[in-house]
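Peer 1: Per TrEMBL, the features are:
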COMPBIAS  229-246  compositional bias 'Polar residues'
COMPBIAS  250-264  compositional bias 'Basic and acidic residues'
DOMAIN    103-210  domain 'THUMP'
REGION    227-264  region 'Disordered'
Amino acid sequence: LITCNMNERKCVGEAYSLLGEYGDLLYGPEQFSDHEERLSGSDREEDEDDAEAALKKEVGQIRACTEQKLRRFQSVESGANNVVFIRTQGIEPENLVHHILKDMHTTKKKKTRVILRMLPISGTCKAFMEDMKKYTETFFEPWFKAPNKGTFQIVYKARNNSHMSREEVIKELAGIVGSLNPENKVDLNNPQYTVVVEIIKTVCCLSVVRDYVLFRKYNLQEVVKSNKEGTQQNPSSLTEEQNSNVVKPGTEEKSSKEVNQENK
């Protein structure tokens, strides 16, 4: 799941370029052209007048066309403005995105202009509390089920959705993490794991990521800055981050009205 400022078409192009570059490094280049060449080569050996050969050729072309659509990276409609979703095939999104951010954090080499944040999504379910509770009981196991344990925080963002309560979602999901292993503890400063909850309309996108704080909330514009630059953050690249809130389980955010009353 990739956020940008306004230019979604250019964002898709940048995403293909960046994911393709690192995808080839980690998983090797895609092999579609070789497969199609093998199909066409075998077809030429058949007699064009033979009905069976003609049928085989047609089936082969259909199969090749179908496989061509299942590319390693494919943009699909996200359902929200300034949000691009890239479907992946045969890769682990968390490892790939972490590798990209680690390399950019180390080299400080800027590789995108319009992409803001790049969040791996490794699970989806319906954006209703009961569905989310049932799904995450299993989804969280690799990270949080005993003997696995770790410190964690939950970050929540909802788009085009008004029926979910941020406080309720965070409270319930934190409870599930705690039930998998009581030694899992909340840490809002430097957690080992960050549970990313991104809701778009009626779909809940989930992932558990590492180094969320180190990699500047997975913001590709911020991660390439030096520490000195990071203290003078660019407002344009923080638009999305300011709307992505971290709430400590068991607490509720105070409204601006309540804060003003306290200040008075």
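The backbone N, Cα and C atoms fix where each Cβ goes, and this holds for glycine too.
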Peer 1: Could you tell me how many residues in the domain 'THUMP' (103-210) are helical, how many are strand and how many are coil under DSSP?
Peer 2: 35 helix, 34 strand, 39 coil
Peer 1: For the domain 'THUMP' (103-210), would you mind checking the mean pLDDT of the predicted model?
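Peer 2: Mean per-residue confidence for the domain 'THUMP' (103-210): 97 out of 100.
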